[in-house]
Structure formats: structure tokens, C-alpha cells
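Visitor: Would you mind keeping the following structure in view while I ask a few things?
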Amino acid sequence: MNRPKRMLLENIAWARETAHADAQFFPRLAQGQSPKVLWIGCSDSRVPAETITNANPGDLFVHRNIANLFSPSDDNTMSVLEYAVRVLKVDHVIVCGHYGCGGVRASLLPLSSDLPHVNRHIAPLCALGARHREELDAFAELDARANRLAELNVLEQVRLLRHTSIVRDRDEPPLVHGWIFGLHDGHIKVLASGYDDARDTQGGAHLTSASLETV
Ligand SMILES: [Zn+2]
């Protein structure tokens with residue numbers, strides 16, 4: 001059996017099982033969505049937002065791209081953010097990166113001439129890596145450098161999101177969080193908590209969320 005056919009059969013099985021377990025599931029789904037969370041994650045097939053957080057259809061509004069980048073000049077990303085914040089009125093925006101990220105790793109290597117779109121997309125990562133070159137060079141292994149850059153990348157996307165007018169200008173701005181997922185154990189580590197940022201803002205303190213505390 002070819003793969004698409006197998007996927008369609010799995011869909012039939014899933015729809016039947018889901019309706020059997022909860023007869024109101026699909027009628028509820030059809031009424032509309034009111035997710036509380038916008039998830040910005042990597043396209044990597046091993047980091048599916050709903051699976052790793054045990055979420056259901058309707059729980060997460062999702063945007064994924066290579067290396068979970070938030071780019072204010074990209075209408076794809078910005079339209080998702082705009083709709084999530086202004087129409088769906090999400091309470092939380094979560095940027096979730098992951099260790100072992102191929103996109104982050106690629107930004108530390110010579111760019112491939114076969115991948116002009118990828119190269120343009122990860123250009124901000126290359127720049128971020130250059131800004132943190134001294135810290136990254138302290139790691140002997142490329143994989144360790146890439147993992148540290150993956151953390152710095154999440155924090156950078158959080159910073160950009162918190163400063164964008166779509167987030168900042170809402171009466172009650174959504175909290176922006178930065179997480180990173182470990183492929184080896186399936187656990188998520190919190191790099192930046194939106195709750196800490198809200199406290200800092202209320203207290204008038206300068207934002208210093210570059211800490212890597214697990215909360
Ligand atoms: Zn990735």
C-alpha cells in the first residue's frame with residue numbers, strides 16, 4: 001500500500017475512534033476555534049506541537065518553519081501572529097525550538113548553493129551566530145555549538161515577538177514564552193517565561209530574560 005493511501009486509511013480509523021470516544025467531538029470542532037496558545041515551532045517532523053504537549057485539535061494555533069524563526073518582514077509569519085493575537089485573542093505565544101536542529105546547524109556551516117530559499121530564511125540565524133561567536137567558539141563540537149545557538153535563537157525570537165507592535169499594543173498583551181525540546185528524552189525546557197517578563201514589566205525592571213533558568 002502506498003503511503004498516502006495508508007494515511008487516508010489511518011484518517012478513517014482516527015475519525016471513527018474519536019467520534020466513538022466522544023460523540024460531540026466533531027460537532028464541537030465544527031462550531032469554531034478558540035485556541036489560547038499560538039505555537040511557533042520548527043518544521044522538523046520530530047517536534048509535532050500537539051503530540052509533545054498532549055494537546056487536542058482546537059488547542060493550538062500553529063506556525064512552523066525551519067528553525068522556528070519569527071521574521072517581522074515575512075507576511076506568512078506576521079499574518080499568523082496578527083490573526084492569533086487580534087482575532088483569536090490568544091493568551092500565550094510560545095516559541096519552541098529544539099536541540100539537534102538541522103536549520104540551526106546549517107547556519108554554522110558553509111551555505112549550500114542548492115538551497116537559496118533556505119539560505120535567505122536562515123540569514124538571521126547566521127547573523128545571530130556571528131554576534132555570539134565568542135561564546136559559541138568555546139564549544140569544541142559543532143553539535144554543542146548548534147545546541148547553544150538553538151537556545152540563543154529561541155531567546156532572540158522571544159525578544160523580537162515581545163517588541164512587535166501586534167503583541168505590545170494589545171490591552172492585555174499575550175505572554176511570550178521561549179521553550180526548547182530535547183529529542184533525547186522528549187522533555188521541554190523553559191528558557192524564558194512570559195510570567196517572569198510580565199512581572200519584570202510591572203515592576204518597571206529592565207527585561208533581562210536571557211537567563212536559561214528552568215521554571
Ligand atoms: Zn529544527
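Cβ from N, Cα, C; glycine included.
From TrEMBL, for reference:
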type	residues	note
BINDING	CYS42, ASP44, HIS98, CYS101	Zn(2+) binding site
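Can you tell me where each of these features sits in this structure?
Guide: According to DSSP, CYS101 (Zn(2+) binding site) sits in a coil region rather than a helix or strand.
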Visitor: Write out, in the order they occur in the sequence, the residues of the chain not among CYS42, ASP44, HIS98, CYS101 that have a C-beta within 8 Å of the mean position of the C-beta atoms of the recorded Zn(2+) site.
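Guide: Here the non-site neighbours turn out to be GLY41, SER43, ARG46, VAL47, ALA67, ASN68, GLY97, TYR99, GLY100, GLY102, GLY103, VAL104, ALA150, PHE181.
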Visitor: Counting only residues 6+ apart in the same chain, whose Cβ is under 8 Å from the Cβ of HIS98 (Zn(2+) binding site)?
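Guide: The list for HIS98 (Zn(2+) binding site) reads GLY41, CYS42, ASP44, ARG46, VAL47, ALA150, ILE180, PHE181, GLY182, LEU183, given in order along the sequence.
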Visitor: Sequence gap of 6 or more, Cβ distance under 8 Å: name the residues on the same chain that satisfy this around CYS101 (Zn(2+) binding site), in order along the sequence.
Guide: CYS42, ASP44, ALA67, ALA146, ALA150
Visitor: Look up CYS42 (Zn(2+) binding site) in the DSSP assignment and report helix, strand or coil.
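Guide: The three-state answer is strand.
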Visitor: Other than its own, how many Cβ atoms are within 10 Å of the Cβ belonging to ASP44 (Zn(2+) binding site)?
Guide: 19
